[in-house]
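Asks: Shown below is the structure under consideration.
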Amino acid sequence: MSNTILQNLPLGQKVGIAFSGGLDTSAALLWMRQKGAVPYAYTANLGQPDEDDYNAIPKKAMAYGAENARLIDCRKQLAQEGIAAIQCGAFHISTGGVTYFNTTPLGRAVTGTMLVAAMKEDDVNIWGDGSTFKGNDIERFYRYGLLTNPNLKIYKPWLDDQFIDELGGRFEMSQFLIANGFDYKMSVEKAYSTDSNMLGATHEAKDLEDLSTGIKIVKPIMGVAFWDESVEIKPEVVTVRFEEGVPVELNGKRFDDVVELFMEANRIGGRHGLGMSDQIENRIIEAKSRGIYEAPGMALFHIAYERLVTGIHNEDTIEQYRINGLRLGRLLYQGRWFDPQALMLRESSQRWVAKAITGEVKLELRRGNDYSILDTVSPNLTYEAERLSMEKVEDAPFDPIDRIGQLTMRNLDVTDTRNKLGIYSEAGLLTAGKDAVVPQLGSK
């Protein structure tokens with residue numbers, strides 16, 4: 001493994017590059033060809049909402065000197081992994097109850113495995129991508145690449161001093177393309193960078209690194225700017241149906257194609273700006289970063305799924321689902337979605353939680369993350385109103401005498417707790433005065 005990362009361009013060898021068609025990868029591909037490598041371009045179709053023509057990207061790669069260029073359709077796998085994350089609640093980052101749905105880590109898990117698998121088919125065993133040394137993706141792609149191909153070598157132009165010296169900035173890269181006969185016009189540089197896939201979009205860096213810069217500078221690509229009062233957003237009632245943990249219907253329409261299901265969920269949630277959040281998070285290397293996120297479809301499914309979870313499962317099961325979800329979310333974020341410890345956690349939730357989740361949830365969506373749940377229907381509900389009805393009911397499951405017995409049994413642990421508080425008070429750990437929060441204990 002010591003020579004896994006190549007710091008210099010491997011001359012005369014096949015080098016696979018994850019090619020987006022943007023300035024960085026275009027310049028890198030042309031530069032590698034001119035310097036003597038044999039570049040192969042691989043583009044992942046992840047259903048990116050900001051990409052208009054996927055088929056044009058491989059053609060562009062060929063023009064820049066790729067020996068071969070392939071478009072890999074990753075959408076179905078990405079949708080399935082998104083559903084798995086919903087089933088497991090694999091989300092560990094939230095602020096004020098608003099969740100980040102780990103959409104970029106899910107995209108990297110799919111891209112990192114499927115592109116490297118495609119490279120193996122072409123006998124390409126060296127891989128490069130555009131991730132920087134300060135971010136999470138460099139480690140995610142490293143892990144997923146080596147899991148897929150243990151013989152893989154990693155070459156990144158952005159870690160090559162020669163490439164940095166010659167083409168170290170956007171201006172230098174654009175001039176390089178122009179000098180080689182390509183009519184490249186630099187796009188207007190935004191105040192932040194955006195990365196997206198079918199599950200969600202990430203906006204970060206540049207102006208967004210300043211915490212005094214709010215969400216309002218972001219132009220959403222998956223929905224509306226719900227904070228803009230000039231944007232008309234009408235309340236909308238939506239019904240989501242799950243069968244054995246899998247979303248299958250939206251507003252009574254059944255979707256056999258999981259990709260189309262997600263696209264429709266994105267359209268519905270996007271009309272309201274549902275699923276947008278502003279998060280400060282810990283990167284893999286423990287430094288904090290800030291991101292603005294969109295995930296309208298994931299948010300819609302998550303809300304409906306968790307409503308059914310709370311109506312169907314008991315308290316201990318829900319607790320384990322949430323604890324395991326936090327752990328699994330962090331593993332996913334770290335690029336460990338297919339590691340044994342993650343598979344163990346996934347198995348428990350996908351088998352013992354998700355399989356019971358069948359039913360429909362009706363919601364009213366308003367602006368942003370403002371919504372109401374209007375109805376919850378499932379043949380598996382353990383919620384039964386008559387069990388705890390405040391009205392008099394026939395054949396009640398328990399009566400006052402039963403509750404007296406249950407409360408009497410509590411005397412055992414109340415007595416133990418009282419004794420422990422006395423011990424702590426005598427040890428000086430608690431103050432049992434008249435103004436103390438701890439109840440006055442009196443004599444033992």
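Glycine residues also receive a Cβ, built from the backbone N, Cα and C atoms like all the rest.
Annotations per Swiss-Prot:
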{"type": "BINDING", "residues": "ALA18, PHE19, SER20, GLY21, GLY22, LEU23, ASP24, THR25, SER26, ALA44, GLY130, THR132, ASP137, ASP195", "note": "ATP binding site"}
{"type": "BINDING", "residues": "TYR100, ASN136, ARG140, SER193, THR202, GLU204, GLU281", "note": "L-citrulline binding site"}
{"type": "BINDING", "residues": "THR132, ASN136, ASP137", "note": "L-aspartate binding site"}
Asks: What is the Cβ neighbour count of GLU281 (L-citrulline binding site) at a 10 Å cut-off, with all protein chains included?
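Replies: For GLU281 (L-citrulline binding site), the count of other Cβ atoms within 10 Å is 17.
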Asks: Cβ within 8 Å of the L-aspartate site's Cβ centroid: which residues qualify beyond THR132, ASN136, ASP137?
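Replies: Leaving out the recorded residues gives SER131, LYS134, GLY135, ILE138, GLU139, ARG140.
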Asks: Check the DSSP secondary structure of ASP24 (ATP binding site), expressed as helix, strand or coil.
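Replies: For ASP24 (ATP binding site) - judged by DSSP and reduced to three states - the answer is helix.
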Asks: Looking at the binding-site residues listed here (ALA18, GLY22, ASP24), whose Cα lies nearest to that of ARG140 (L-citrulline binding site)?
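Replies: For ARG140 (L-citrulline binding site), the spatially nearest of the binding-site residues is ALA18.
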Asks: Can you tell me which of the binding-site residues TYR100, THR132, GLU204, GLU281 is spatially closest to SER20 (ATP binding site)? Compare CA atoms only.
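Replies: The smallest Cα gap between SER20 (ATP binding site) and any of the binding-site residues is with THR132.
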Asks: Which of the binding-site residues TYR100, THR132, ASN136, GLU204, GLU281 has its Cα closest in space to the Cα of SER26 (ATP binding site)?
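Replies: Checked the binding-site residues TYR100, THR132, ASN136, GLU204, GLU281; minimum Cα distance to SER26 (ATP binding site) goes to THR132.
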Asks: Compare the C-alpha of ASP24 (ATP binding site) with the C-alpha of each of the binding-site residues ASN136, SER193, THR202, and give the closest one.
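Replies: Comparing Cα positions, the closest of these binding-site residues turns out to be SER193.
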